[in-house]
Amino acid sequence: MVKQTIQIFARVKPSVRKQQQGIYSIDEDEKLASSLEIVLPRDLADGFVNNKRESYKFKFQRIFDQEAKQEIIFEIIAKPVAESTLAGYNGTIFAYGQTGSGKTFTITGGAERYSDRGIIPRTLSYIFEQLQKDSSKIYTTHISYLEIYNECGYDLLDPRHEASKLEDLPKVTILEDPDQNIHLKNLSLHQATTEEEALNLLFLGDTNRMIAETPMNQASTRSHCIFTVHLSSKEPGSATVRHAKLHLVDLAGSERVSKTGVGGLLLTEAKYINLSLHYLEQVIIALSEKHRTHIPYRNSMMTSVLRDSLGGNCMTTMIATLSLEKRNIDESISTCRFAQRVALIKNEAILNEEIDPRLMIVRLQKEIADLKAELAMVTGEQRTEALTEAELLQLEKLIASFVEDQDPESRLEVGADLRKIHYCFHHFKKLLNDKKTLENTDSSESTTQQACQEPVKDEEYTKLRSLLKQRDNEINILVNMLKKEKKKTQDALQYSSTEKSEARPPPNSPFIAGSPAGQRTSFSSSLSQTQDLSVYRHRSSLLHKKTGMREEMSLGRQEAFEIFKRDHADSVTIEDNKQVLKQRFSEAKALGESINEARSKIGQLKEAISQRHLQQVALGIAESMAPPSTPDPQEQKLRAQLEEEKSRYKTTFMRLKALKVEIEHLQLLMDKAKLKLQKEFEAWWAEEASSLQVNSPATNLQDAAKPFPQQDQTQLLSKKSHPVQAAGFLRSLLPSHPPQTQPFQATG
């Protein structure tokens, strides 16, 4: 447990040149806390006696003047809190101050330069850097981003945030358990495994945040935002899990309505902001007072969410942002007074460790088993439940190793379980009886072994016979398929020769043995046979990968499946779906690139608007002129382009989302078509096999060999033992590219 007060720091915003700077001084002491003195001289021109104080002095842990860089702010303020979060302690950093004093710049940062990054992106970079270095633990990181606007909570990471109105989104509500722990309903948690994913979530949340232009600030945040990093760590093999959360809070700025003169929606927002900050101050005052029993956390949503951060289990740090211009001196003094009250609050941060419930269950089960064993040993009562099969197998292995061990000092360790001890005695008794029976029946055992070998031979003979029958069926089916394809080829060639009126020799005319044409035919047939075998092996390897066919499918059956698939009516549909799916993938890739381009363009336009603001301010300073009251046309043009890019980003994102659904549907259709093709082939194959059982395989082979010469017929019969070689040989006699007259229809 770590007991410490809330750490307070002050940061002075750089002043605008045309605004009159107030008088202040900073006294830094290495041993003691730094002090800030604000001098407010009396103005005798008011016409009355001014008895106000002229000097106000406040103490802080450290004060950062106007020249302080973002890197120094992170190293001194945020880095210690991030280190404690990695160690398992809760942490909170929140910025407090008036509108336009630099809270959002300190917490989130600016978009102009990389060095202007704020506390949130630098903390994310530091956390993920440390996680990569520490390989001794397993870390899990989740991100949430809560916006409190007009006392209503909204999830900034909700994907519907840009597509819907704010009032149509589900509101984040607070639930409290009996232990007074706060749970937020409708607030999403997104896992971030890398720094890039976490920064993308931060960018998405900042894009959805409520921002408006006020007389005090051109881009004033009109809501309180709480960016939370949930971190859990666990050592491998350990039952202890550490949970920690880090709140990075950007409060909305307080402003005096009478001073700014806002109205309408801005007035409503200002009332809610000031009311929530008033309730925050009430909680701070109640916590700083001694003997106070009731703390009004439930008055506002922000104080309810930050209950642990204010006087609870958390290491909290506050940054008071000050705008020490003469017109803002009163608000700066009020901010410093609030910080002094915050410094009186003491938090008690504890290490958030808990035992993994699953490992605890395993540990308790083992402890219960040990206690039952001790109880059974002491009382001598046998347990009612029986030993499991795994326990019995383990006991038999222990007994076998004990019997085979020749060491006289070896012992049989089965524990203090009487059930296991009794089973060991019964098993020893069984082994002894079996040994006696074995010695008396040696001759009868040899006779039994001979009798057992005969059924084994019969079984092997039956298996070989069924395998031979299966191969015969495959050869017959392939021969029938090749005969049908050859007949279709002959019909197509005769039809084409009739049209052209050219006399051509028939494709199945026999050649004279020993002639050059016969030699070329035999050579081409052997060459095509070799090519068919190589092509078939490649197809069969692809068949296992693409169609998911069983590995035990024979080669002949696979060849039949390839021909069946080629002539199937759904093959065209599958190819069309493949082409459409390829086009959709290309379109999705183009949409993704368009989304990245729109996101980059949005960042560039925001940076251009900020540059335009700086140019206008510099021009006004150089010409000693007041800022123009009319809006800048170039800035309006940039803002119109920004809205157009946001609309394009949203439209492209919705198209990509719809395209993803279409791609998944196409993939499902292709899977269904492949499954249907496989089922129809199985049905066709079973029908062909059943029809072949009626006819004799030898007769089918003779019929299939009739159109061929006697020598080729002998070669075909010699290759009966290998169906793929027979199929390749028959295919070699067909033309190399037969025309497809009609889809192949398998018949019995």
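These residue numbers are counts, starting from 1, taken along the chain as shown.
In case you wondered, yes, glycine gets a Cβ from its N, Cα and C as well.
Marked as domain 'Kinesin motor' by TrEMBL: 5-345. Residues or ranges marked as ATP binding site by TrEMBL: GLY97, GLN98, THR99, GLY100, SER101, GLY102, LYS103, THR104. Here TrEMBL flags 488-530, 696-748 as region 'Disordered'. Annotation source TrEMBL lists compositional bias 'Polar residues' at 518-530. Look at TrEMBL and you will find 639-676 tagged as coiled coil.
Cβ neighbour count within 10 Å across all protein chains ranks LYS103 highest among the binding-site residues GLY100, LYS103. Within the model, the domain 'Kinesin motor' (5-345) shows a mean pLDDT value of 83, rounded to a whole number. Most Cβ neighbours within 10 Å among the binding-site residues GLY97, GLY102: this distinction goes to GLY97. Within 10 Å of the C-beta of THR99 (ATP binding site) we count 23 further C-beta atoms, all protein chains included. Comparing the binding-site residues GLN98, SER101, THR104 on other C-beta atoms within 10 angstroms of each C-beta gives the minimum for GLN98.
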